[in-house]
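J.: Below you'll find the structure I mean.
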Amino acid sequence: MNGYELLIAFGGGIFGAAIGALAAFEFVGLLVIAMTVAQIVSGAPSGFIDFPFGMFGPHTGGFAAGVAATAWAAKTGKLSSGRAITAGLCGLGAWDVLLVGGIFGALGYVITWLLNQLPALPSGGAWTDTVALTVVISGIIARLAFGKTGLFGKPAAGVRRFNPPQETCWVPYHSRSPQLTLLGLGIGLMAGYLGLTFGGDGALLAFGISAFSLIFLHFNTQVPVSHHIALPAALAAVASHSLLWAALVGLACALIGEWASRLFLVHGDTHIDPPAFTIALMTSVINVLAMAGIFALVPLF
């Protein structure tokens, strides 16, 4: 890490806040698709990965900076909701909102760098997805600094934390178990194929496709939020060489993501990202299972 990279992360944070957290994340998805397709076709790794997973990654300007700027805009009365991550904040005409985005862009870069200094697992695998974990940490910082509901939020009177009305859920149209189960299995199978076929590049491609698909939300098309299903499922396929393990991990991720939304997001007034929480947790689980030999011990098709 150096001052040059921090300046880029700061600038990316301003840009990410200006176009809005969700739009910035969709750009990350597009960049990841382009990068992974180029790597698959050429057969050679690319240093470009340092941009969509580094200086303009989800933990910096590619999402987290916009989340924090949105929370600040709501705190200062410029935006009606601190969870309005689809809002392009440049339209507010408020320089302080964009500045917060820049600060959190640089902060996210520093946090990820610090997390990356921790040792890997004995097997050499990553102990977690540090980018995803940084998104969670950044969201928590923004909640505590700019929100009013505390870390876990405050359920409304008569509402149970883990069984809220469907209309108040994170993504209402896929908030119930039957729908989640099928989405987890289906997306897990698709992502697992990419992981089995293209290895690590396939896992990143699965993430990129799912992330970029969120662009359709801007056109009022009810697409699933699925990157937290696709990436771990593809990683599980790479680790286990099994399509069924990918499907099972996809199912688990769908359910964990919904659970995390009810723990952190639904009852709060700022955005703490359920997919990032799921990716960080399940990356750790998958790598520990691989290290312990569970995938080899329980081989699946």
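Backbone N, Cα and C atoms are what each Cβ position is placed from, and that goes for glycine too.
Unlike curated records, TrEMBL annotations are generated automatically.
The domain 'DUF7973' annotation in TrEMBL covers 6-159, 169-296. Annotated transmembrane segment per TrEMBL: 6-25, 55-74, 86-114, 126-146, 180-196, 202-219, 231-257, 277-298, in sequence order.
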J.: Six or more residues beyond either end and a Cβ under 8 Å away: which residues meet both conditions relative to the transmembrane segment (277-298)?
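T.: Those are 121-123, 125-129, 132-133, 136, 227-228, 231-232, 235-236, 239-242, 245, 249, 252-253, 256-257, 260, 264, in sequence order.
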J.: Could you break down the residues of the domain 'DUF7973' (169-296) into DSSP helix, strand and coil, giving a count for each?
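T.: Counting residues per DSSP class in the domain 'DUF7973' (169-296), I get 105 helix, 1 strand, 22 coil.
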